[in-house]
Amino acid sequence: MAAELAGNTQEYKGRITHFMVLSCTLAASGGVLFGYDLGVSGGVTSMEPFLRKFFPDVDAKKHSKGSSRSAYCKFDSQLLTAFTSSLYVAGLLASLCASPVTRASGRRASMLLGGAAFMVGAALGGFSLNIYMLIFGRVFLGIGVGFANQAVPVYLSELAPPQHRGAINNAFDFFIGLGIASANLINYGTHKLHSSLGWRISLGLAIVPATILTVGTLFLPETLNSLLQQSDYSRQKATKILQRLRGTDNVHNELEDMIFAANASKAITQPFFCIMMKRKYRPQFVMVILISFFKQMTGITMITFYSPIIFQIIGMGESSSLLSTTIVGIISVGSIVLAMIMVDKVGRRTLFFIGGALMLVAHLVVGGVLEAKLGDHGGGVSRSHAYLVSVFLCAFVAGFGVSWGPLGWLVPSEILPLEIRSAGQSTVVAVTLLFAAINGQSLLAMLCRLKSGVFFFFGGWVMIMTVFVAVMLPETKNVPIEKMDQIWREHWFWSKYVMEEDDN
């Protein structure tokens, strides 16, 4: 089926232009906001001065030598996990508010609000005097993440030509990975200060990517889909914009499809109601919910956010754990680059399968090593087993980086028709952040109670989601975003929902 639909891309003419590349690169840099916070927050929670100031009980448990305390329970604290999950809860609510802003005022407006809110959160975090100020700053960071994550993937999918949409949209996840790796490097450097200045620098430097996004958005063009959706935009202006983006005068076919989609979207006044209740949108609704849910159930929050803690659990020191986390972050960025190269050549489904296999093996090996070698109260594992755990954690992030990491943003943003695109993308972000919050709030408690079994728990979910992709997700490679409804009409299961709606 993918081969049949691939021919549709020949209807659209054009090439990769400098104007489009610069616009998409600047917009995709919004991913650094989410990535930097993921990386920096996980690092500072393992720093002694940070724990002593805000979480003294955790610091005391960390240094407790009592034989009755499980090695997995040293960091178990609901207050510490509240520091993690407060951002996700705020981001969830913000993403829902971002939908009407993105639809009515454009993608740039949401990106601008996201960058500004993140700047405020970064300043509050860096200058925090108490736990309340710290978590209040996290709320503003969450608002920034909610708006940016809602608008940027849509912006990239709408600006990109169909044959390169996968690579361009994956740039968002590349910048998330870059943000994580940068934060890990900064944490590794600042922890050597052995004072509160270290974590303050780490948290405060989040203002840099936020400023870049906020100021850069002022110079970005709005997407043509958004302009056509908001008003009766003149065909002459629309033609000039698309010609500049595509580097050719022959843009008639693509423009006609955009205008048709924009006219259809204007008839929809309640997009959230439509995506939830209309049967013809049932495939998209199920996909945005389950893809976002499954992405979090890979265990990525545990690996990304708490990897310094995991490394300390297996016996590494603070410096070694942060260095190992930095290496994991660099591997993640490299794997995302590989996904950008491959996604428009081999397709989305193939990358889902490759990533699923890597993540499953990694979960089984890490869980098996911890179960066999760490024990409950031991002082860590041997150096060789610690290296083995590190290698397979790198294998996990590589698997995630070529599959659910970038594709979790790409696939939902490209399958949503224009009339429900903002609502659908808000749903993606809301579900992603909801389960990130649940995982963030519960993971340390799960480590304490399930111990090594937590890796088998997430491994089971990786098996389920890989089967789901094999059975339920059609290939979207090279399919024009305005003609994406064809993949559902030709799918063995989803066709009955779309066809029945058309018959009514």
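Every residue gets a Cβ built from N, Cα and C, even glycine.
Straight from TrEMBL, the features:
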DOMAIN    23-477  domain 'Major facilitator superfamily (MFS) profile'
TRANSMEM  16-36  transmembrane segment
TRANSMEM  79-98  transmembrane segment
TRANSMEM  110-129  transmembrane segment
TRANSMEM  168-186  transmembrane segment
TRANSMEM  198-220  transmembrane segment
TRANSMEM  285-310  transmembrane segment
TRANSMEM  322-343  transmembrane segment
TRANSMEM  350-370  transmembrane segment
TRANSMEM  385-407  transmembrane segment
TRANSMEM  428-447  transmembrane segment
TRANSMEM  453-473  transmembrane segment
May I ask you to check whether the transmembrane segment (285-310) and the transmembrane segment (16-36) make contact, with contact taken as at least three Cβ pairs under 8 Å and only pairs 6 or more apart in sequence counted?
no
Looking at 110-129, 198-220, 322-343, 385-407, 453-473, which one has the highest count of Cβ pairs under 8 angstroms to the transmembrane segment (168-186)?
322-343
With pairs 6 or more apart in sequence, are the transmembrane segment (16-36) and the transmembrane segment (350-370) linked by at least 3 Cβ pairs under 8 Å?
no
Please give the sequence-distant neighbours of the transmembrane segment (198-220): residues at least 6 beyond its ends with Cβ less than 8 Å from one of its Cβ atoms.
23, 26-27, 29-30, 32-33, 36-37, 40, 43-44, 47, 49-50, 108, 111-112, 114-116, 118-119, 121-123, 125-128, 137, 141, 144, 148, 179, 183, 186-187, 190-192
Which sequence-distant residues neighbour the transmembrane segment (385-407)? Criterion: at least 6 residues beyond either end, Cβ under 8 Å.
169-170, 172-174, 176-177, 291, 294-295, 298-300, 303-304, 307, 310-311, 314-316, 324, 327-329, 331-336, 338-340, 342-343, 348, 351-352, 354-359, 361-363, 365-366, 369-370, 373, 465
Residues of the same chain, at least six outside the transmembrane segment (350-370), with any C-beta under 8 angstroms of its C-beta?
298-299, 314, 339, 342-343, 381, 385, 388-389, 392-393, 395-396, 398-404, 407, 451-456, 458-459, 462-463, 465-466, 469-470, 473
